[in-house]
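Quick look at what TrEMBL lists:
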TRANSMEM  B:12-32  transmembrane segment
TRANSMEM  B:38-56  transmembrane segment
TRANSMEM  B:86-103  transmembrane segment
TRANSMEM  B:112-129  transmembrane segment
TRANSMEM  B:166-186  transmembrane segment
TRANSMEM  B:216-236  transmembrane segment
TRANSMEM  B:256-278  transmembrane segment
TRANSMEM  B:290-308  transmembrane segment
Amino acid sequence: MSEFLQFVFSGLTVGAVYALVALGFTIIYNASSVVNFAQGEFVMLGGMATVFIFDAGVPIWGAAALAILLTATIGILLNKLAIEPARGASVVNLIIITIGASIFLRGLAQIVFDKQIHRFPAFSGDTPFNIAGATLLPQSIWVLFGAAAVFIGLYAFFTRTLMGKAVLATANNRLAARLVGINTNFIMALSFALSAAVGATAGVLVTPITLTSYDIGVMLALKGFAAAMLGGMGNPFGALVGGLLIGLIEATTAGYLSSDYKDAAAFIVILLTLFVMPQGLFGQKSMERV
Amino acid sequence: MLTRIPPRVRALLILSILILIAPMLFPSSFYYRIGTLIFINSIAVIGLVILIGYAGQISLGHAGFSGIGAYACALAPTHLGLPPFLSLILGAVISGLLAWFVGRPILRLKGHYLAVATLGLGMLISMVLNNEAQFTGGPDGMMVASLGLTKGLEGLFDVNLKTSVVWYWFAGVMVLLGAWIALNLYNSPTGRVLRSVHDSEIAAKTVGADVARYKLVAFVISAVYASIAGSMLALFNRFITPDIASFLHSVELVTMTVLGGAGSVLGGIAGATLLTALPQALTVFHEYEHVMLGLIMMLVMIFMRDGLLPTLRKTLTRRAIA
Amino acid sequence: MSLLGVRGLGIDFGGITAVNALDFDVQPGEIVSIIGPNGAGKTTLFNMISGIYKPDRGTVTLDGDDVTSLEPHKLAERGLSRTFQNLQSFEQMTALENVMVGCHMSERSPVWVDLLRLPSSSRRNRETQERAMTLLKRVHLEKAAHMEASSLSYGALKRIDIARALACNPRILLLDEPAAGCNAVETEEIDALIAEIAQEGVAILLVEHDMKLVMKISNHVIALNYGEKLAEGTPAEISRDPKVVEAYLGSHGGKEAADALG
Ligand SMILES: Nc1ncnc2c1ncn2[C@@H]1O[C@H](COP(=O)(O)OP(=O)(O)O)[C@@H](O)[C@H]1O
Ligand SMILES: [Mg+2]
């Protein structure tokens, strides 16, 4: 039983990270119908930048804030330089553009930072709590509450603020949004900034536990995507549930079956979801119009 | 005069001439090696031209099939006692069957979903190759038997040959064969359906085409091409690591395919040439390889949406008219 | 027995009923027109009949066989063919190739024959090309045969769409606003073509806003509104039906259209 609880703890911790990546996907997907394969790089950048800024002598909170800001800027640049000029391109083109961006950012990180594995100290030390025979790291609590805070914050932003509603309106119908005077280009930039910041936050929160290096992005993007699809593409609540589920599935696979194949769990979930219910758990069924 | 010749024959002629004259420009025999690598990549890319360029279905997992082909050649000779050439065929058959089994559900998906599903498939294959170390040697890779081309020819003709030179011509012939088949397909009843699926799946269905079946056909054919390319790479290098099945390799293959112009066989080969030769030319900037690859992918897809060759051709014809 | 039979057909999209409880028949060689304002459900009806949407209720029969929700390509094999209101051209193929794809059912061959370009593959290619050319001539587009579809005018594409559907040798042809967006000359050509096709014994189910045409050539008219059948009858009956005049022609611009109805 305590063993199972242990798997639940670790599953929820990584699951929260996947949920944040999935949320990042969702924000950009809703605003632009682009599936951003570079989403995982935001997590990498958040973690790596924090490491290096921290090592330069900036206190951890400042380092984290700077890293998130930096990543958000990169998100805006990505939109401005790669996504905006490609408006109207085919899905295949857009896939290649965002994968190109992912490889580019990874290559850049490899040059600007390095190819080593890094971490910075956990926010509240490394003394684990003992709960019913299972251990829980203080940093895991940071991850879980951090993710919850991000979700609640974004929920408030989208439902309570005018700007958030403008984003939703743009997601719903770009042309109509423009007609009522919403600056859709700004909304797109905002979405990329938010999405990148969410990813970077995940990177900041989880790096003390999972460590980080320049090449962690692809795997994270995939699992985030799996989470988003499992929950139902475009649905933020689905992203949350999907992320936690993928995390739990992965942790139990690693615990009970084989840690070599824990990554396979996410892919098998993707494939099964796509075959059995392509609209995901909370997505809407739709028919292609002709 | 050239315009009188059917496009299919013209493309094959151009390709043959290029393969024949390229060695005259090689400063050293090392370039035969690069040429061979270009041809091997071209073979996988021609398969993707059929899948992506003709039929409009993306795959981010075809390196997985290359992995199957490669490891078939690495494993079958020792474990099954098959000669390397038959191992290549075995790999192609396994890849084709796997593509056929998983293709039907996967190809119901479109766009991003298809991309992610194929990506997952490729990842699973790559994971098996990495994890089953008692067979595959894991991430460190394993040795591969020799195809015995050079030995065979030397025995036949009593001459001394360089392996890389022999492989250059062997791979060149294989590229021509692969191109010939893909070009045959282009203007055939089957090829027309594939190309129509690219533009409107629904319209293709309403004229009586069993679209699901045709997409599957393209998927299987392209998997076989990828597998043969993987086998050839293993046999050429005499060594193989799971990197051949990696996501990055899948992405490279797709990039080669669309870089030159996904719709055309020659465009695909041009893309393969560029992306294979470039890292070799930039070995001094090895650090920058990923940055360059990413930049090229983004720039070409933003500014030359149809790929290099079609964009070039359009500019040229526009000039000619003006 | 009717060629096409529709019974109780209906479909909903997210709680909104787009088509409901529709019944009608099309006899061999007959021209039946569906009229109704935009959003009435005409295209949705076509999509259900041709197997693109799966209806939530009701059945579709061809020659008395239940073909509800059969795949579109299976329906094409049974002689049902269609065009699209929003063009579904094969844009990167030439006009000729577009029509050649329409000949698919008569030219299909084993894949390996095509891969190796065996003589039978080349022969089929030639035969299909000739047939497609004949059809292109029929829609007066032989000059555009080798132009890429993406470079052709809307009116030309509309006619290619018809030629492609005809290449299937249909017994019943569904035409969804075949003349919409065409200029006067093109419209006239399309009108003449429809009449000609009908003369050859192909049954036609037509959605068209050009009331003159509808009234002239239809054996039978069905008026839809909000997805339900409002009225059905001969052109004369329909044009006198007050409900139709009220609903379809509406208040704005009604007079002009009422004149057209005669
Ligand atoms: N795939 C779909 N998803 C959601 N709603 C649809 C879909 N197809 C049609 N509709 C809706 O069904 C109704 C009928 O549309 P349509 O059949 O196109 O009308 P018409 O062809 O008569 O102008 C419209 O309200 C339209 O929005
Ligand atoms: Mg309509």
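Including glycine, each Cβ sits where the backbone N, Cα and C put it.
In this chain, the transmembrane segment (B:38-56) lies in contact with the transmembrane segment (B:166-186); the count of Cβ pairs under 8 Å, excluding pairs fewer than 6 apart in sequence, is at least 3. If you look at the transmembrane segment (B:86-103), the same-chain residues 6 or more away from its ends with a CB under 8 A from one of its CBs are 65, 68-73, 75-77, 80, 121, 215-216, 219-220, 222-224, 226-228, 230-232, 235. Remote same-chain partners of the transmembrane segment (B:256-278), defined as residues 6 or more beyond its termini with a Cβ less than 8 Å from a stretch Cβ, comprise 11, 14-15, 34, 37-38, 41-42, 44-46, 48-49, 52-54, 175, 179, 182-183, 186, 292-293, 296-297, 300-301, 306-311. Beyond the transmembrane segment (B:38-56), the same-chain residues lying 6 or more positions past its ends with a Cβ under 8 Å from any Cβ of the stretch are 19, 62, 66, 168, 171-172, 174-175, 178-179, 182, 185-186, 191, 194-195, 197-199, 214-215, 218-219, 221-226, 228-230, 232-233, 236, 253-254, 256-258, 261-265, 267-269, 271-273, 275-277.
Residues of the same chain lying 6 or more positions beyond the ends of the transmembrane segment (B:216-236) and with a Cβ under 8 Å from any Cβ of it are 36-37, 40-41, 43-44, 46-48, 50-51, 54-55, 57, 59, 62-63, 65-74, 84, 87-88, 91-92, 94-96, 98-100, 103-104, 106-107, 144-147, 167, 171, 174, 178, 190, 194, 244-245, 253.
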